[in-house]
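Participant: Below you will find the structure I want to go over with you.
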Amino acid sequence: MSQTPLAPIPELYVSYDSAQKLKLEAADLVSWDLTPRQICDLELLMNGGFNPLKGFLTEEDYNSVVETMRLTDGSLWPMPITLDVSEEFAAGLEAGQDIALRDQEGVILATMTVTDNWVPNKAREAEKVFGADDSAHPAVNYLHNQAGKVYLGGPVTGIQQPVHYDFRARRDTPNELRAYFRKMGWRKIVAFQTRNPLHRAHQELTFRAAKEAQANLLIHPVVGLTKPGDIDHFTRVRCYEAVLDQYPASTTSMSLLNLAMRMAGPREAVWHGLIRKNHGVTHFIVGRDHAGPGKNSAGEDFYGPYDAQDLFREHQEEMGIEMVDFKHMVYVQERAQYEPADEIEEGVTVLNISGTELRRRLAEGLEIPEWFSFPSVVKELRRTRPPRAKQGFTVFFTGFSGSGKSTIANALMVKLMEMGGRPVTLLDGDIVRKNLSSELGFSKEHRDLNIRRIGYVASEITKNGGIAICAPIAPYATTRRAVREDIEQFGAFVEVHVATSIEECERRDRKGLYKLAREGKIKEFTGISDPYDVPENPELSVETENVDVDNCAHQVILKLESLGLIKA
Ligand code: PPS
């Protein structure tokens, strides 16, 4: 560490004049439209947040990072920062070619010289970086089901920062934060990384951590991509702003970090430490199960609760940033204050509300006590998370053609409209194919596109407080899961498997399609000549043989009631 802690760190941006020139020249370059995750990565590459990286990893560096957590030059770097693209895009590139990297509106952010172009071993990456090739891990799921098949590597030349229209004054590059610390005369700074709203316990623990380290405090929340299902960053930032007032003036600051998290536990903790070091921070709070992704497909935790702390401790000297233990704070009723759980004597009344319990109380509109959170924070959360019975949701029927999806979906729609309260939209397979997907056929690619479109419309309806009822075949489990993820950001996703057997559907053959499929006159027919992944864990499975439609729809209504989505 030869640099003084708060000297500027290298960025990848060129000067303003060169950027203007490059922008014009780049009009002739092949363009890659960056995904939301790549935009986050690029921003931190360009502004030095990912120092010492100078671009997206080359194949050699990638392999080295995956296997050893180090770049080929020996620098510690635990996370592969790769530019994943489609096979078609990669196939058109030559070694050494410059490409333009653009945001989703086509604004050029950078150019990149593509030195490397390779097909990674994703299973190996999953095992080594995320600990298991298990798609229950959000980053492994992303790797296999969202990321492109080919990686490009090479140095990046920064032209301009991605544009953010929200909370501009709260966003700082590493050098801006360093300058701020210099100006304020802060020499020791404890950073707190978070992707959740802060409540009283967090306020206590962060302030204590800073006091113990005799340091100032930086609340450094992630506003890029976090774990699917997290509270949106707009709400969280409003909550953080409310909490900031609770710290003694000029001890604490907040800055937003446009990081795309991977939820990689131990490796992620080390990565977070390196990023904070680049932002001029000297101490970093690492808690139990830091950046944990939740349970694996066997229902067990991906990482041990202290794996992240252990790995961080092992590397902290090399990183030049010190770990501060996260104290688990609980409320002691007799003394009406928060205290570290491990310092409390027997016999006192300890109060605690878990994250799950908080979500339940919000979902059901129940009281959230003042000892737990600040009224201003609770008010924000209630605005975003109204009780479940007032939120939007999606009922997603899936099953073979002729299984009865549309009939049950129609009956359900009418019953929900009779109840009133929320607008109801039916996105039936046939209706969608006529209005939204008329150009599509039944190849896997087209079916996926069709279902993603339905998912998109349903997610918008759900986000805006309506009820979407979808009734496509939706034969592929991975696509259904992707749609679930899109929708669960905004409300409940209730998957209903209409479990009519293929034999029964063929026997009914209402539209005469099975006959044509058997005769080979319709190709790729689901259940006959095309696969159907039976849902493994649907919220509900309905049998239609010997059960009338009204009863099937009623079963769905009962399910919605039991989930608190409608009130009887
Ligand atoms: S998918 O797979 O979810 O995109 O299918 P979906 O949009 O629900 O469309 C299914 C309806 O299209 C008719 N049809 C076929 N189904 C399956 N396989 C093939 N090859 C096919 N060709 C046409 C069929 O009428 C389906 O309607 P439903 O309402 O399911 O019976």
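Backbone N, Cα and C define each Cβ position, glycine as well.
Curation plays no part in TrEMBL annotations; they are all automatic predictions.
Dumping what TrEMBL says about this protein:
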type    : residues                                       : note
BINDING : G399, F400, S401, G402, S403, G404, K405, S406 : ATP binding site
DOMAIN  : 10-160                                         : domain 'ATP-sulfurylase PUA-like'
DOMAIN  : 171-383                                        : domain 'Sulphate adenylyltransferase catalytic'
DOMAIN  : 391-542                                        : domain 'APS kinase'
Participant: Can you tell me which of these binding-site residues sit near ligand 1, meaning the Cβ is under 6 Å from at least one of its atoms: F400, S401, G402, S403, G404, S406?
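Facilitator: From F400, S401, G402, S403, G404, S406, counting a Cβ under 6 Å from ligand 1 as near, the near ones are S401, G402, S406.
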Participant: Around the C-beta of S403 (ATP binding site), how many further C-beta atoms are within 10 angstroms, looking at every protein chain?
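Facilitator: Taking every protein chain into account, the count is 26.
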Participant: Can you tell me the mean pLDDT for the domain 'ATP-sulfurylase PUA-like' (10-160)?
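Facilitator: Across the domain 'ATP-sulfurylase PUA-like' (10-160), the average pLDDT comes out at 97.
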Participant: Let me know the DSSP-derived helix, strand or coil state of G402 (ATP binding site), please.
Facilitator: coil
Participant: Taking S401, S406 as the binding-site residues to compare, which has the smallest set of other Cβ atoms within 10 Å?
Facilitator: S406
Participant: I'd like the Cβ neighbour count for G402 (ATP binding site), meaning other Cβ atoms within 10 Å of its Cβ, all protein chains included.
Facilitator: 24
Participant: Within a 10 Å radius of its Cβ, which of these binding-site residues (G399, F400, G404) has the fewest neighbouring Cβ atoms?
Facilitator: F400
Participant: With an 8 Å cut-off on Cβ-Cβ distance and a minimum sequence separation of at least 6, pull the same-chain contacts of K405 (ATP binding site), or say none.
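Facilitator: K405 (ATP binding site) has long-range Cβ partners F397, T398, G399, D428, G429, A471, P472, I473, V498.
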Participant: Other than G399, F400, S401, G402, S403, G404, K405, S406, which residues of the chain come within 8 Å of the ATP site, judged by Cβ distance to the Cβ centroid of those residues?
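Facilitator: Residues close to the ATP site, other than G399, F400, S401, G402, S403, G404, K405, S406: A471, I473, V498, T500, C505.
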